[in-house]
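Below: the structure, in structure tokens.
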Number of protein chains: 4
Amino acid sequence: MAREKCVLAYSGGMDSTISTVWIQENYNMDVVTLTVDLGAGPEIVGVKERAAQAGAIQSLVWDVRDEFVNEYVFPGLKAGAMYEGVYALSTALGRPLMAKKLVEAAREVGATAVAHGCTGKGNDQVRFDAGIMTLAAHGDPLKIVAPAREWGMTRDEEKLYAQKAGLELREVGSDQRVYSIDRNLWGQAIEGEDLEDTWEAPPEDAFSWTRQISDTPDEPIEVSIGFEKGVPVSIDGTLKSGVELIAILNDLAGEHGVGRIDHVENRLVGIKSREVYETPAAVVLNAALKALETSTMSREQQRVKDNLSAIYSDMVYDGRWFTELRTNIAAFMDSAHEFSTGDVRVRLHKGSCIVVGRRSPFSLYDFDLATYSTTDAFDHEAATGFIDIYSLAARTQSRKQTHSERR
Amino acid sequence: MAREKCVLAYSGGMDSTISTVWIQENYNMDVVTLTVDLGAGPEIVGVKERAAQAGAIQSLVWDVRDEFVNEYVFPGLKAGAMYEGVYALSTALGRPLMAKKLVEAAREVGATAVAHGCTGKGNDQVRFDAGIMTLAAHGDPLKIVAPAREWGMTRDEEKLYAQKAGLELREVGSDQRVYSIDRNLWGQAIEGEDLEDTWEAPPEDAFSWTRQISDTPDEPIEVSIGFEKGVPVSIDGTLKSGVELIAILNDLAGEHGVGRIDHVENRLVGIKSREVYETPAAVVLNAALKALETSTMSREQQRVKDNLSAIYSDMVYDGRWFTELRTNIAAFMDSAHEFSTGDVRVRLHKGSCIVVGRRSPFSLYDFDLATYSTTDAFDHEAATGFIDIYSLAARTQSRKQTHSERR
Amino acid sequence: MAREKCVLAYSGGMDSTISTVWIQENYNMDVVTLTVDLGAGPEIVGVKERAAQAGAIQSLVWDVRDEFVNEYVFPGLKAGAMYEGVYALSTALGRPLMAKKLVEAAREVGATAVAHGCTGKGNDQVRFDAGIMTLAAHGDPLKIVAPAREWGMTRDEEKLYAQKAGLELREVGSDQRVYSIDRNLWGQAIEGEDLEDTWEAPPEDAFSWTRQISDTPDEPIEVSIGFEKGVPVSIDGTLKSGVELIAILNDLAGEHGVGRIDHVENRLVGIKSREVYETPAAVVLNAALKALETSTMSREQQRVKDNLSAIYSDMVYDGRWFTELRTNIAAFMDSAHEFSTGDVRVRLHKGSCIVVGRRSPFSLYDFDLATYSTTDAFDHEAATGFIDIYSLAARTQSRKQTHSERR
Amino acid sequence: MAREKCVLAYSGGMDSTISTVWIQENYNMDVVTLTVDLGAGPEIVGVKERAAQAGAIQSLVWDVRDEFVNEYVFPGLKAGAMYEGVYALSTALGRPLMAKKLVEAAREVGATAVAHGCTGKGNDQVRFDAGIMTLAAHGDPLKIVAPAREWGMTRDEEKLYAQKAGLELREVGSDQRVYSIDRNLWGQAIEGEDLEDTWEAPPEDAFSWTRQISDTPDEPIEVSIGFEKGVPVSIDGTLKSGVELIAILNDLAGEHGVGRIDHVENRLVGIKSREVYETPAAVVLNAALKALETSTMSREQQRVKDNLSAIYSDMVYDGRWFTELRTNIAAFMDSAHEFSTGDVRVRLHKGSCIVVGRRSPFSLYDFDLATYSTTDAFDHEAATGFIDIYSLAARTQSRKQTHSERR
């Protein structure tokens, strides 16, 4: 009788290759590997071979980059998704899509379990588990296996385990030696022991997408980004797909040193954690869209959007993508971006991303109202009536309540 | 019989000198000028002479820099006061103190009116009027005169008026020719016609406190700022008064090109306006304190503080300093900064202000919890129980409500 | 040459009849009256005659009750529109629709002005003016005339003016003698001098839609209200149009003394004001929908919805109906009510409206999870893992920061 | 050698008596019982005897009613603590104080563990565990024992266990037969199987503090409650201690049927739960203070306070009393209540609690401003200037952005 199947999220790295073996041995299940391509770069090459070598009965490689950009990254951009104001949530936006694909693959191949490589301490296990359990709440139950959370092996024991299993591990390059990196087209998250002293700056070799300021070109460049209803659609007037546009901006901004984030952040599980990210395109696009919004949204729209952005960002970070509330907030954001159409000029220079121009057919900036020249369209006399009523409540309160010692 | 007196906020510039004459002529009042020193630099020299020349019967010059820093700037810093996330509210924090001093001076010299130089279109008239009316709600009524809002003269008519009045106007330097600048130790706001096209970058000559990136030193510098309960008290380990500390940071950061703000902002009176600011010290201190807070405040404290910061910032911008709500929020902020004590290392380089280190005796960052090494203190097995309950509501909702087409 | 035309919002009451004459005399315009039927009851009868008597060249009577309910009242209900938690915004929801109809009528008859009867002190002038100006921002300019804000007549002078103009004023019933009432199908607002002492209860004769508790039936009644996606559609299982449903509930609830509101509220113009309302159907429907939401929305949806409800309510009250932000929040609300389908049983008794039952095919209440019996489906052991991680941040903060004197 | 000691929270009921035995047997510890008197009424009598019978080596009974009222209940009242707008958090406010007393007692008697009677499914285990772990984060570690979460016995097995242990259980009255009740002076929470059908009204015998409407007096009564800075201090002009005042209001309001809450609420652990409460005094005091605030706080204070109240309420419910954020919000509340001094007249009648009067020396209600009579102090002409500027942003946005199909 055939063994039950487990679909394993497979990156091709050492941990997930060991997991392929470990699941077979410890759960007595056949393993189908699923490699989800979120634009992580070179790791896709050779994954099928490595999976087969580790005994996988089937090896799926799905390119979901367009779905990632259109259904996760750009909705997040429109929602102002920046965790604690600085982190563009690259990994956090990728996890729910991976969870979704794991469940889809499991249904497709008739698996009774899915597996991921997270440990028991980070945010990603929550994002995977919560996403999988939520999506699998309909239909047959789906068991979740998390080898690295369960096996309790040290790094050295893992290597020993791999040797015994006859696994030929990939040559490990210098950047994998020290740091643990999660990477997709929206950014990479870098972790490692050398980053854990919050009084010290991250060492330069932690970064691979962005140059340090002293190595960047002396001359700035400017790019113009075109938006349609909050979605970036062009660079310097040329239409681009989302995947292309992000790749171009990652290169340009990275070359000019833009996109490094060094942050003590609040992990979902109640821990403060020092995190380093590189998200060049995300930094540029967020700055550009925000600048466009300053022209096309009213003050009150900006305020409410900002409040919802903070909530939305926490939800994405906390693995709450597949919730009704996220859907509800997205409906607000879609409506709020009805007029976020226009161009933003951004200057990249020596680590800085500076917005130097914004224009829109729907811009609320009105030269005739705003100008301080004497030919303006603003009714100066209305001001005294305005101020009279505007300050009435404060004046009344001062009159009725102020103790001299309160001021 | 003696004429009634009017206390005029007097900068020594052309407009306020003309106003000195204009009030005497149009209101038949004696004018007492009040020059409030908020650290605006060279303008203080010679103000008494210019006031006398314009017929003022008395000329007060009050140095309120310490009061400004301790009662307005640093409380604002602790409250995270950054209008629309970018502008440190330098002018907006100065206006209520000027309003307060106008009322104090009026009571002191027995005046029945106070005057300021604002036009009928900006935020400052609201800040002045609302502040004055609120503070003067007790005691004898105090009339408010706003010559520039009332006289309706063009720039050329003003000059003609000055000539007729025999006023000897100050030599106007190149930066005053085009731009209207309001300046105090916390920053300067620059306005002018050349800034009013939002698609063009501000011309380089708009800036005087900060160098452009290409002119900054190639080598970064690092400064360490010490905080006590949210208040900056030292630089590189040396205790400084607030006024000194801000002056030092304005110089250092300005030299490295830090502190330029170019922003389409929402004016209180319902207009979008393009504003350019230079606030070097404010940018550095806000970044540093924010970084300290990431270590010493809990996630939930940070979230609530951020919400109140946005409200507080709008209140300061909108001329609502003298309100009970601002007092209430300040009480929250004081309590929240109980443990904001520690040091932050900031690197200034090529226009960037980068936090590279933070430490505090009260830091919530706990290496033993945060480390990804295998010797950590975190209970990995608790995670599954946590996730099980954490995701229960979302799973239930998915099971009961999800339409296939919603996902 | 024909005079320009002004469309006047016409209730048929004394003030608007006098206004008809006054506009002709003071603005030299022809007057077209527009009576907008929002379900205010008997006043519609005879309005055309009274308008003609006052010299109106044309008299429009538009029944917009369905539009009012479907485009204003029910969206407001879905948005949780309750000003300061108690007032269902009946007048405030009616004003923007009246403003819209005034602009439509003006465009239709080729008028160059519109007029309303508000004074210079209340909220309604803002709602009318802001609505009209916003809607008329496109197309030819439309002047706004507000006779009662402009004429400066006392009550007695108004009567004298009416007599001189030969106006035959309606018999004034007892409830119009003391109180000024604004009424539509969603409620009535009652103002008057006898209500202005906030230490005294409103006199009984202020109320006409609701009985006092001592006059209500001794026996309670129960009604079951059916909702579809947040919209009430049936009573006791019988489908009803919105207009019918509200009429039925106004009668039933009013008979049982439900729907009286007595509240010191914040008027938009900075004044505290004591307001008395009768909104029987609104109280019942709000309570019922809120109860349904407790079953069908997640905790996090309820929290965010509550925050947006408060903002939305202020916007409606403040005359900001025709804004993008209101549209954006409505999009959130539509999304959030995707599953607000079900029935709510409400008991009306002695002034109380008590929800005694709620059910929904999408209810998140799960007996097997919630029950305290020993056969439940909840994993008790997960709890310790949950609490361990849930309390980690607070424990860490206590360990690192607590001064003994803080607790 | 002496056994280690465990301090058990002891109510005198069956479960906690069994726990006394069970801890000795299963943990081999001596048990010290601690009965914390929060004003729960008759249960205190005889607890020492029952504890001794079950083998406790020491039995502490601490009356903490004043501490409860002054440090928990009234701060909560000032903070507007009402979970989901309806539940005055009686149990939730009591738990942290019980946790605190358990830790204090453990330190006093040299215990190494504390124990409480919560199961693994409700909120109370979280409140106890989180509170204990947070307070015990300093000093020697303190183990937490939760017998009912650990023992896995059904109701019948519990009885058998009690018989074997020779325990003489209290006569169980009719209200304990079906319902599980937690009670302190601020309210009682009633749970039980008969309440778990959300479509059915709670049976009448679930309630013991409040009469049903049909059994209440036909005549209303009115009480006047005096507040000092947000704290209730008198009834009908007579000063009362907090404990007395609450007792009086529980009696009065209960007699008139005020204080029944029936609510589907969100439990902390992700479950919807139907909860029934009786909190007569809490309903009256919350309504009264809220009414006072409408007169003494500005609109903007009320809005921010409401937002913080919702956060604070969730924190109390969720067992986050001992956190810095709660302390910070309490600082806001103390500041905001600076002027909440005055009297509120409340009418209790047939289940309703209706505020009929409010007055304060600091009331912001100003008759001369508010009155609609023609002698008012309000400047009607300022209104047009106000509206002109107030509506400018909306008009501009309409002009620049409105698609005809959006309106």
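We number each residue from 1, going along the chain as drawn.
Any Cβ shown, glycine's included, is placed from N, Cα and C.
Among the candidates D:Gly94, D:Gly110, D:Gly117, the residue that TrEMBL annotates alongside D:Ala9, D:Tyr10, D:Ser11, D:Gly12, D:Gly13, D:Met14, D:Asp15, D:Ser16, D:Thr17 as binding ATP is D:Gly117. With a threshold of 8 Å between Cβ atoms, the binding-site residues D:Thr119, D:Asn123, D:Glu265 that neighbour chain C are D:Thr119, D:Glu265. By a simple count of nearby Cβ atoms, those within 10 Å, the most crowded of the binding-site residues D:Asp15, D:Asp124 is D:Asp124. Separating the Cα atoms of D:Asn123 (L-citrulline binding site) and D:Ala9 (ATP binding site) is a whole-number distance of 16 Å. For the pair D:Ser180 (L-citrulline binding site) and D:Thr119 (L-aspartate binding site), the C-alpha distance works out to 13 angstrom. In the three-state DSSP scheme, D:Thr17 (ATP binding site) falls into the helix class. Annotation for D:Thr119 (L-aspartate binding site): spatial neighbours D:Gln125, D:Ala146, D:Ala148, D:Arg149, criterion Cβ-Cβ under 8 Å with sequence separation of six or more. Scoring each of the binding-site residues (D:Tyr87, D:Tyr277) by how many neighbouring Cβ atoms lie within 10 Å, the top position goes to D:Tyr277.
If you measure from the Cα atom of D:Ala9 (ATP binding site) to that of D:Arg127 (L-citrulline binding site), you get 13 Å. Here the Cβ of D:Thr17 (ATP binding site) has 27 other Cβ atoms within 10 Å, regardless of which shown protein chain they belong to. Taking CA atoms as the reference points, D:Tyr277 (L-citrulline binding site) and D:Asp124 (L-aspartate binding site) are 16 Å apart. Across the domain 'Arginosuccinate synthase-like N-terminal' (D:5-167), the model assigns an average pLDDT of 93. Spanning the listed ATP site, residues D:Ala9, D:Tyr10, D:Ser11, D:Gly12, D:Gly13, D:Met14, D:Asp15, D:Ser16, D:Thr17, D:Gly117 have a farthest Cα to Cα distance of 13 Å. Comparing CA positions across the binding-site residues D:Tyr87, D:Asp124, D:Arg127, D:Glu265, the one lying closest to D:Thr17 (ATP binding site) turns out to be D:Asp124. Put simply, of the binding-site residues D:Tyr87, D:Asp124, D:Arg127, D:Glu265, the one whose Cα is nearest the Cα of D:Asp15 (ATP binding site) is D:Asp124.
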